[in-house]
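Read through the structure below, which is laid out as structure tokens, and then see the notes.
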């Protein structure tokens, strides 16, 4: 995962030659660009590439780390991490892993009102930049608009947020550039600060072995700033430093780690560590708090000596500090809450991303700019996650740093607001800090905390005191501008903009032949849309763009088979809804035929039905069989009737022939008496032509056409239709 993080690149649409690494490259876009689509390209490209690559690795990582933790007596890997805060001391110095969970939850709730006011202020100002289409008055903040790749630190938003823009800027980056500051000078100035409070000078090993800027020999490195204690007085920093104010403060932070390392270097090896992981981070932040003050910046001539610090400058300064400090607390809290739940198995792996973004909305007020399904893995897209760092240290350190700062400012004899304190040149403050640093892990962190602050618990009050003037100002400013300090977790920037809803009715479309809708069918759907997009771009747009199923993103699936989808192009830009609709219209009959459904059963909401012939409906098999059998029976009956009729005709003809022969014989051998009688009674006894007794045409006794006694067509006594006669015939 570390290798993927450090080497992955995101390429633009025109090919692999135009590709950017995270640092430097994508990070500059996320720091400086105000182009919504460009930021989305960088944000989504990093997660669709690096994040997806790490999905299977992160699943394996969770399993393996849990196994190792359980072998060492912990419930899971998150429980092992929390063990860093556990103490073996008794009484007031005792502290358990469960105590950490409770303290983090308690302090989060205490800080939340300040964060909500800051969130509302940031949302209102971002809406001025990006418009109401992308920023809701009451919704969450889109994750890719928050100043860096992760929305962790909002410092880069400051130029868009300045409360009093007419005041001289407290961002001294232009002054650093104008004065010709170098990377080496940034580290030298930080060293001077540490020495002024009687801490340590940087040794020769540091200057010879550290990597203070990105290598120019083509090597690929992780640029994320880190401090290293390699033993034997070999202390180093690895950082791709740039000449700007943000990195100047980061230099102070990383050198704070080095100061801690040097302070406990004389301890036995097992005790060469911070009192807890949060302490190590907090020490660096103390130095940054002093280095960021207008007083200190004037001292090192990055602000003019005549720079006036009035109330408006104070609010500008505190807002910039809040964007870096307050803005990151819910981010850190939420990330570690998710990881703890994942390690405990409380979040099924098939719901990792769904839960990640739901927690992000609920706890941070931040929403994904485009939907992410379970092929993504967004957590390790952050350095600390992919490189196996506990992250709660960045939450606890923020609480500790203000407790430390409050105590050190009192030791330095500072008067006035806490946010204006600069401990530069205070040997008293330095001595108190150094005594705590030299303990390393020789005493519990609760004892180390007491040695510098007088208390043994995490306390958010110094932080709230530091930002009190800003909190009051934000409340009034938000109220005056009609902003609400809440967020609606249901709102998304993609819900209506570029997505299309699909409804599929398999049962009504296919009846008993309906198939199951599953992952394979969804893959087929994505592929069919990719085909439609490629065809549309080729035929209509005259462009050869090879869309694949990975360009089709599905979300909000329901069991009754409905979902939303949108399409991205090869550079991760979202294709307009209109173009997708046109592509679907062009290939709708083809898509229907793939799923054997018509427009009623496969509905693209908002796209009218096509004129294509509906898909042929299936015929139930038993109906077909029944029809064939019935047809055979009918044909057999007709054949029997015809054969019976012909048989009777033959019989009648045979009888007629016999009568004719008999008549012929009579004619040839006449009997005189009979002939005589016949001749005498011609008018009365003529059996052939008697109108009243004519056997051939008698209307009442006609044997051929008698309606009541007709042997050929009698409905009740029809020998041809009689079952017994049928059997006899066959």
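Using the three backbone atoms N, Cα and C, a Cβ is placed for every residue, glycine included.
Neighbours of residue 19 (disulfide bond), defined as other CB atoms within 10 A of its CB across all chains, total 13. As annotated by TrEMBL, disulfide bond applies to 11-19 (among others).
Around residue 85 (chloride binding site), the same-chain residues at least 6 positions away in sequence with a Cβ under 8 Å from its Cβ are 95, 97, 99, 100, 276, 278, 396, 445. Residues annotated as chloride binding site in TrEMBL: 85, 393.
In sequence order, 22, 23, 24, 214, 239, 240 are the residues of the chain that are 6 or more apart from residue 223 (disulfide bond) and have a CB within less than 8 Å of its CB. Annotation source TrEMBL lists disulfide bond at 223-240 (among others).
Feature annotation from TrEMBL assigns Zn(2+) 1 binding site to 253, 257, 281. Long-range Cβ contacts of residue 281 (Zn(2+) 1 binding site) within its own chain (separation 6+, distance under 8 Å): 257, 393, 394, 396, 397, 401. DSSP assigns residue 281 (Zn(2+) 1 binding site) to a helical segment in the three-state reduction.
Annotation comment: TrEMBL describes 253, 257, 281 as Zn(2+) 2 binding site. Residue density at residue 253 (Zn(2+) 1 binding site): 21 other Cβ atoms are found within 10 A of its Cβ, drawing on all protein chains shown.
Residues or ranges marked as active site, proton acceptor 1 in TrEMBL: 254. DSSP classifies residue 254 (active site, proton acceptor 1) as helix under the three-state reduction.
Taken from TrEMBL, the feature active site, proton acceptor 2 covers 254. Taking Cβ-Cβ distances under 8 Å and a sequence gap of 6 or more within the same chain, the neighbours of residue 254 (active site, proton acceptor 1) are 225, 226, 227, 237, 239, 284.
Long-range Cβ proximity for residue 384 (active site, proton donor 1), meaning a same-chain Cβ under 8 A and a gap of 6 or more residues, is found for 391, 394. TrEMBL lists 384 with the feature active site, proton donor 1.
Using a 10 Å Cβ-Cβ cutoff, residue 409 (disulfide bond) registers 23 neighbours. Marked as disulfide bond by TrEMBL: 409-421 (among others).
Sequence annotations record features per position, and here TrEMBL assigns domain 'Collectrin-like' to 496-699.
Sequence annotations record features per position, and here TrEMBL assigns region 'Disordered' to 651-730.
In this structure the C-alpha atoms belonging to residue 11 (disulfide bond) and residue 253 (Zn(2+) 1 binding site) are separated by 33 Å. Residues 253, 257, 281 make up the record's Zn(2+) 2 site, and a Cβ search at 8 Å around their centroid adds 227, 254, 256, 280, 282, 283, 284, 285, 397 from the same chain.
Per-residue pLDDT, averaged over the domain 'Collectrin-like' (496-699), rounds to 73. A distance of 48 Å separates the Cα atom of residue 409 (disulfide bond) from that of residue 19 (disulfide bond). Under DSSP, residue 421 (disulfide bond) is assigned to coil, being neither helix nor strand in the three-state scheme. Candidate disulfide-bonded residues: 11, 240, 421. Fewest other C-beta atoms within 10 angstroms, 11. Remark: of the binding-site residues 257, 393, the most isolated position is 257 (fewest other Cβ atoms within 10 Å of its Cβ). For the pair formed by residue 19 (disulfide bond) and residue 421 (disulfide bond), distance between Cα atoms is given as 45 Å, rounded to the nearest Å.
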